[in-house]
Amino acid sequence: MATVGVIGAGVMGKDVAITCAANGYDVILTDHDPDVLAAAPRDARGLVRKFRMMSPTTGSWKADEVLGRIRFTADLGDLAEADWIVENIVEDLAAKERLYLRLREVCGEGVKIAANTSCISITKLAARTARPADVVGIHFMNPVPLLECAEVVRGFHTSDDTIKRAEEFVGSLGKRSIVVNDMPGFVSNRLSHLFMNEAAFLVHDGVAEPEQVDAIFKLGYGHRMGPLETADLIGLDTVVNSLNVLYEEFQDSKFRCCPTLKKMVAAGLLGRKSGQGFYTYAQH
Ligand SMILES: NC(=O)c1ccc[n+]([C@@H]2O[C@H](COP(=O)([O-])OP(=O)(O)OC[C@H]3O[C@@H](n4cnc5c(N)ncnc54)[C@H](O)[C@@H]3O)[C@@H](O)[C@H]2O)c1
């Protein structure tokens with residue numbers, strides 16, 4: 001089985017790492033923040049235990065087996081062994097561009113690089129690497145172990161072989177690929193961030209409480225989660241960063257970030273990951 005190098009051990013990186021390991025891949029997980037990396041084995045074990053109770057597929061996961069396939073490292077150079085790289089660092093163009101430049105030194109011929117970005121152009125990131133044809137967007141959905149598809153994004157230079165390999169990789173994780181073309185936000189986030197931002201504006205304008213906005217989506221439209229619950233799950237910092245990317249790229253005021261969202265992030269209210277967002281969450 002191939003080796004997957006996962007960069008970034010935040011909300012998405014840990015989910016991607018355990019999903020790959022549970023499906024038989026050897027995984028090398030790295031993060032530049034020593035505290036995040038130190039906490040990652042315990043966090044990943046907690047996630048496996050949580051997901052075991054959440055679906056028939058994940059019900060058979062065994063924490064020792066999954067964790068046994070993940071190597072945690074602070075050294076990006078260790079990812080030279082990987083056949084696939086899945087990049088999940090912060091949604092910041094400059095930070096990602098710096099990392100993709102460094103990947104020139106790390107990734108040998110034949111390595112495929114998947115950018116798990118919410119909104120940033122795959123074409124821009126690929127342009128920083130040695131072989132843009134080997135770079136593809138794989139936008140995993142949160143929570144990764146439970147959701148049934150990934151958006152596979154074809155950058156300007158992405159080769160047919162890379163798309164085929166990405167579809168095989170996503171399929172090996174038990175998910176369906178939906179292949180779309182590169183444009184900021186792709187399909188999922190260009191739509192969902194309008195919903196989440198406008199939902200925040202409804203609260204900002206005093207039209208409704210968060211519970212009311214979400215109840216209308218759940219009870220009225222039959223959605224599993226409301227837009228503000230979804231924003232809390234993603235992380236409000238990531239939502240704000242993504243809206244900024246969409247605003248910047250399209251130069252369209254419809255993506256102007258709600259000031260309440262910015263204020264919450266400035267105050268450290270990041271949603272589930274900080275224990276407080278539009279809702280309050282128990283911390284383990
Ligand atoms: N949260 C979601 O629901 C979701 C869904 C799909 C895609 N994404 C995308 O996935 C990416 C990660 O999002 P997240 O929610 O996991 O963010 P996060 O803030 O939870 O985690 C990001 C991690 O990247 C690390 N990092 C930052 N720069 C780094 C570098 N140069 N090298 C190594 N590690 C570095 C940080 O220390 C942090 O642990 C973003 O691009 C985001 O847009 C997020």
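Every residue gets a Cβ built from N, Cα and C, even glycine.
The domain '3-hydroxyacyl-CoA dehydrogenase NAD binding' annotation in TrEMBL covers 3-182. Under the heading NAD(+) binding site, TrEMBL lists Gly8, Ala9, Gly10, Val11, Met12, Gly13, Asp31, Glu91, Lys96, Ser118, Asn142, Lys273. Per TrEMBL, the feature site 'Important for catalytic activity' maps to His139. Annotated domain '3-hydroxyacyl-CoA dehydrogenase C-terminal' per TrEMBL: 185-281, in sequence order.
Where TrEMBL records a feature, it is marked here on the structure.
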{"residue": "Gly8", "record": "NAD(+) binding site", "DSSP class": "coil"}
{"residue": "Asp31", "record": "NAD(+) binding site", "DSSP class": "coil"}
{"residue": "Lys96", "record": "NAD(+) binding site", "DSSP class": "helix"}
{"residue": "His139", "record": "site 'Important for catalytic activity'", "DSSP class": "strand"}
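Ranking the recorded positions Lys96, His139 by other CB atoms within 10 A of the CB puts Lys96 at the bottom. With respect to their backbone Cα atoms, His139 (site 'Important for catalytic activity') and Lys96 (NAD(+) binding site) stand 15 Å from each other.
Spatially close to Asn142 (NAD(+) binding site) yet at least six residues away along the chain are Val11, Met12, Asp15, Leu233, Ile234, judged by Cβ distances under 8 angstroms. Averaged over the domain '3-hydroxyacyl-CoA dehydrogenase C-terminal' (185-281), the predicted model has a pLDDT of 98. By the criterion of other Cβ atoms within 10 Å of the residue's own Cβ, the least surrounded of the binding-site residues Gly8, Gly10, Met12, Asp31 is Gly10. Summarised by DSSP class, the composition of the domain '3-hydroxyacyl-CoA dehydrogenase C-terminal' (185-281) is 66 helix, 3 strand, 28 coil. Counted over all residue pairs in Gly8, Ala9, Gly10, Val11, Met12, Gly13, Asp31, Glu91, Lys96, Ser118, Asn142, Lys273, the record's binders of NAD(+), the longest Cα to Cα distance measures 21 angstrom.
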